[in-house]
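Below is one structure, written out as structure tokens; the observations come after it.
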Amino acid sequence: MQSKRHPSLNFENIFFKDLEQFMATSRDYQDLLWAWHGWRESVANNDARQDYINYTRLSNEGARNNGYEDAGHKLRQTLYRGEDVLEEAARLWADLKPLFMNLHAYVRRKLFNFYGSDVIDITGPIPAHLLGNMHPRAWTNIMDIVIPYPAAKTVDFTAMIKEKNLTGVDMAHMADEFFKSLGMIAVSERFFKDSMFEKPTDGRQVVCYPASFDFFNRRDFRMKMCADANFEDFLILHHEMGHIQYFMQYKDLPLPFRNSPNPAFHEGIGDTIVLSTVTSQHLHTIGLLDEPPIESFETEINFLMQMALDNVAFMPFAYNVDLYRWKVFDGNISTETLNQGWWQLRFDMEGLAPPEERGEDYLDALSYFHIAYDVPHIRYFLSRILTFQFHEALCNVSGQTGPLHQCNIFGSHEAGDLFSELLSGGSKLPWDDSLEIITGTRRMTVEPFLKYFKPLEDWLIKENERNGDVIGWGPYNKGS
């Protein structure tokens with residue numbers, strides 16, 4: 001399949017990483033539709049759909065033969081030790097939903113102003129290909145369209161990274177330096193030598209999807225990704241370095257305990273560090289910002305919008321991926337309505353719709369790596385909750401005062417000691433005992449998350465009221 005507007009682009013000579021960059025930077029409705037459609041034509045077609053149906057059947061057979069109700073029940077029981085993760089996720093999402101709904105209404109208005117009424121229904125769902133990401137799992141790449149105060153001097157993270165010519169190796173060193181400033185464990189030179197941070201230029205074909213590895217010999221830890229000079233990869237690289245730090249912290253425990261109390265803990269470590277790393281104070285301290293930041297209400301709202309496009313927008317998607325699979329495994333979504341079931345959930349929870357009619361000849365869920373490769377996903381939803389709980393706890397122990405979104409724990413050994421106490425315990429303790437070590441509470445809560453974004457939420461409510469925007473997106477249309 002070839003682009004009429006860009007003849008050099010076709011699906012015989014393009015990698016997914018190139019398509020991601022295209023989705024992030026193009027602002028042409030039809031070109032974005034070409035990329036969105038072409039990727040799904042390649043990986044979410046009827047052949048892939050039939051393979052997934054067979055895989056689902058075999059997974060359920062295996063789970064039931066081992067005493068579980070279905071494959072989804074098996075995953076919940078084995079990964080979360082029997083905790084009712086379904087009920088827990090539903091409770092947390094209900095508390096987060098009002099913030100997301102207001103963000104959605106605001107972003108929809110901005111896209112309406114940019115693309116026009118021909119393609120954006122100001123009271124309906126957002127076309128899924130216009131949010132700067134192939135899936136979309138985060139909306140950070142459309143900050144140029146939705147920025148609240150364009151005239152305010154605000155950190156453009158991607159532009160800053162490009163201006164400083166930061167490579168993947170540079171960004172990995174930055175993450176390592178942050179952990180070292182807390183008195184935590186530094187990675188070895190062997191780590192930098194044996195890891196892959198950028199796409200090879202020697203013609204080798206590699207799997208670029210970011211991942212970190214513990215070789216379980218107490219000394220060999222590695223990472224692979226093909227980092228580009230942009231904010232999204234900056235965040236991903238810090239996320240992966242959090243896994244590496246966790247590996248190093250529990251490396252001397254007996255093998256059964258070399259893991260996190262539940263999968264969400266492992267995913268939240270690097271993201272916790274990011275919340276300090278992206279503060280303008282820290283960026284100036286490490287030399288990425290040449291001038292001391294001039295703080296104002298406008299720059300604060302712009303900053304929080306950038307963070308919300310990553311964190312808030314991600315939450316319903318992170319929840320939906322496993323919710324969809326569990327509904328497929330337990331039969332609530334039938335094999336005859338697999339694609340409709342996917343888009344029904346995305347409509348209901350994310351306010352998104354496909355930009356073209358999508359029938360049952362496709363299974364668009366398979367366009368996302370974690371579904372195609374059966375990687376459990378609810379961990380990412382829960383980890384974002386934990387990230388903000390961890391951040392608040394570390395800010396408190398380091399003596400920080402002021403708004404949570406301005407806290408920077410860089411250089412705080414008090415924070416590092418508390419963080420290390422959690423990480424070095426691996427999975428020896430149940431997750432609620434481990435959570436209590438760092439936060440003083442045994443329950444996951446969205447309160448720190450909402451506290452972090454409170455100034456933005458207040459602003460969004462007023463802005464949506466000023467524009468007369470509807471919060472929500474009407475009934476689902478199967479033919480959309």
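Along the chain as shown, residues are numbered 1 onward.
Using N, Cα and C of the backbone, Cβ positions are placed for all residues, glycine too.
Cross-referencing Glu232, Glu267 against the Zn(2+) 2 binding annotation in TrEMBL, which names His239, His243, picks out Glu267.
Ranked by how many other Cβ atoms sit within 10 Å of their Cβ, the recorded positions His239, His370, Arg379 place His370 at the bottom. Ranked by CA distance from His243 (Zn(2+) 2 binding site), the recorded positions Cys208, Cys226, Arg379, Cys407 have Arg379 at the top as the closest. Other than His239, His243, Glu267, the residues of this chain whose Cβ falls within 8 Å of the Cβ centroid of the Zn(2+) 1 site are, in sequence order, Ser212, Glu240, Gly242, His266, Gly268, Ile269, Gly270, Asp271, Ser383.
Within 10 Å of the C-beta of His243 (Zn(2+) 2 binding site) there are 21 other C-beta atoms, taking all protein chains into account. In terms of C-alpha distance, the listed recorded positions Tyr80, His370, Arg379, Cys407 place Arg379 closest to His239 (Zn(2+) 2 binding site).
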